[in-house]
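What follows is a short report on a single structure.
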């Protein structure tokens, strides 16, 4: 190759750190040209010297261009050198035609390629962009950004629509203009001033281009994305650092002390940061150099809190800036009112660390939804709470919320991020460690779609502010995905069978034991708490971790102990990323200690090997002894030599020439000669590895300080040396003990080191040494024995140990530590953290003992709820009876028990449970009504028999509000809520408050109806209203319009339950005519599936709907036909027939003209709103796609275009509907709202069964049993169907009725 190169005369180009390019001739073997990199002018001025220092000079010789070379420059620019050009300037800058074409950081590699007749150049850079250049025009053709780390955070700008900020683990921020017309990947890269992973982002709510970021090393800063991109300006960094990873950032109104002063003296919004050490700091954006404020101080002062505040893990401001939500490490969420941060309520729902909190947006058509707050933790369940009543009517003391508004279950791992859709109401998307993103309909508690496109754990999610169908997600697969909700194949998250099997396998097999090594006394290996892993929280630990470092290693905490004598070895600072951890670091011990890491021995003095150590001599002076064992002639010569020396001036002078042969004679002459002998003997001992003999010899010499210093330097201090060190004086003794303690720390003998420190009265140092190395138990014993009881060190030891124990899951011992630290509030909370019955019961008793009555009430009720779930009513009552304030709940649980007992007796086969019921042995009268039975038990068992007592309990329970039920509400939870409503009804009955009784009964019935539990609704009506609502109606105040309307609604639901009971229990010999059922509505007895094709025969306009209703009337038997039938055709008795006719006549009230008109108007408004929303979303998608396709030149006007609703909204797919314009839809919506407003408020205040559905059921009953239905009732039902039924409504009613 070299010979070929010499023959061809090839040239070689090289780039160097000396900022030059050299051209070498292979034929001549030397350089022929030197090119020096130019200093390019930038808008920011000169080039950073650090950039010049770390220059990576890349050169590339394009094919077919023998006289041109492409090279990189200082800041990511590319230069094209023309070697044939004369003069100094031989270069041309690539991408000079417009700004932003060049790389922003140094270029690593260049490669040329030819495609479609074009000569292209590819470049990669430290900014992780891949750029393609056209060598003909020297312009950048396209840019493809890439990510070099986990995607920790996503944030859309509220000012610059479509501007998405991406926080990445490669220490850079990307700002992506998702609406760019010319470049799909229009991305800016921000990296200056960032030295660690970007874990949190937040845009300023009003200032354009102002982006706050937080990093893994605890720094908080603000970037001006516009000036930073143009002028290369670094960000502003706050002077107050966090100690651990920044979890989240949020802009919010200022709180004290920044809230003091006028509007011009303080910023309108401040920056809040929450990090891994559990505190929230408030930064002043006007003065980042100033110290940030810990908002816990404000919270303590405002709410007079004396107990320990929980560690904060999440922060979220309500969009209006009036309320702040703080998520905590113990799973609680606290709601504060700005600006003084008054505590309004605490949400005790999660039991694990809170990862995400999001408030609902405020720009929907339903203002009450803005009070909803969604939260997710590491226990895989999402809870949504409605705080409307708490915020609008705050109580004097903070309340505790234990019932969620909605519960979203489906994920199998920890929830990492949440985002509400800005285009919908009550629609939420969640990101999870199970590798999927889930879209939920919160109001219905239903999963809508599930995205599974990532190859790793999801860390963040954001809903597009422009496209209602687009969602952006980031994961630990180094990718950001944009996906459409309408294109997803799956509806709910994967079941996680693999993770469940893995967890079972782990729990069934014993864990491998670590290799045994010497540990300090008292260290016992611990059992890891299996309960800390919830719902497959560890299922993805095999995924690749960022930069090759596992999440366990990133989360391991190393602590450092340093004092005046440096008793501990310094360790490397830890990393604390929250979002990329798979699960908590396993704790190696059950008690308070952890395994200390192996310490390296001092390198300057290597420890002698035991194998090289020679046998210990019998004499401490082996050299002198061996010299006296020589021959007789040599011994005689020693005598002569000694005599000569003694006669001369001194032995030293006489033996100077041959000191090695006569050194042993030094013990017979003067002291200097003796010292010489001892020095030689000591050196021999050290060479043979007998340092203790050397120390003993030096002790004889009297050089005790020298011995101690030498032993300390070599790390060979012993207990004997420490014991004799006081002979050298007090200071020498203290110094020796400190040095020995340091040596013991290197040997991991921390307890012994602390004992020696106590010998020199260094109690605080000994306690700190034990605390730093997690010997909390020993440290507490020493502190209590040697320090004053009020010393703050003792309390700090208790709280520190409690925090470690709480993290390890040893809640009982942690509670004892909090009690020892005089923090009973924290002891109660940590004891209840387990969430099981025993823990909650003990926590409630403890709270009662220490005087925390509110906590005692809360945990007693939670414990009773857990027992109720296990059908243990006896245990639940035992827990509740300890709290006098829970008398109302005792009555609720009593009614719940009686109700469940009645339901199980009526339907014994339908009530199946894994728990055997535990009922009370109350003696009740079976012949009385259910209300009488409940009242009797209340009087005998609870002493509630007077109207005054019932009124007091009613006022206690009336303030408790439960969320509305949905089809996904758990049956046990539904039964408890219904029992609460029925308890209020019975109490109102006892006090003769008939208005409240009617409203409470209506709530119970409608709650069962909304949950889809029709059987429960029927049983409630049968038990509470066996004779109908006549008794209630007679006792109502007829002048109270609201009460009368509520009673009418209740009567409607009772008749509704009776109507379906009649339909389900038709006489066996009922006359069935072939023509009785119209073709458009198949009979349920045919047992045919009702699908879209079966119902497509229904007409598609109001005219055909009327025709269908007429067909129903035509095919039904007439009155004359009924008379022509003989009595022999029916085997039913006259009494049964008369009873059924009487019941059917009682259902006449269901055919209410007013309610039918109201429901028709409400359906009109709902349909127009849905159509309008679908059209707007379709228009936005079309507008965006056309704008991108045509380069933004075509503008689509919604007002001028006729947009057709989606096909899913069309009731008849075969019939084409005319396009409907936006003004027409708005006109329809206005008319429908005006029509709706004309109805009286008492009619709209309470729900009522669907009138058209009831009419259809009545007509079918008349078709099956012609003799039972009154012709007038039949005609009334037909008239309502003709008047208010349309094709769409008719189809929905048929579906509901037949399914």
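Yeah, the Cβs are placed from backbone N, Cα and C, and that goes for glycine too.
Feature annotation (TrEMBL): of 1178-1198, 1199-1219, 1220-1240, the stretch labelled region 'Disordered' is 1199-1219.
Of the candidate ranges 558-589, 590-621, 622-653, TrEMBL annotates residues 590-621 with the feature region 'Disordered'. Within the set 443-489, 490-536, 678-724, 725-771, the record from TrEMBL flags 490-536 under the feature region 'Disordered'. For the repeat 'WD' (11-34), the DSSP counts in helix, strand and coil order read 0 helix, 16 strand, 8 coil.
On the 0 to 100 pLDDT scale, the repeat 'WD' (11-34) averages 84 in this prediction. Here the repeat 'WD' (408-442) is broken down by DSSP into helix, strand and coil counts: 0 helix, 18 strand, 17 coil.
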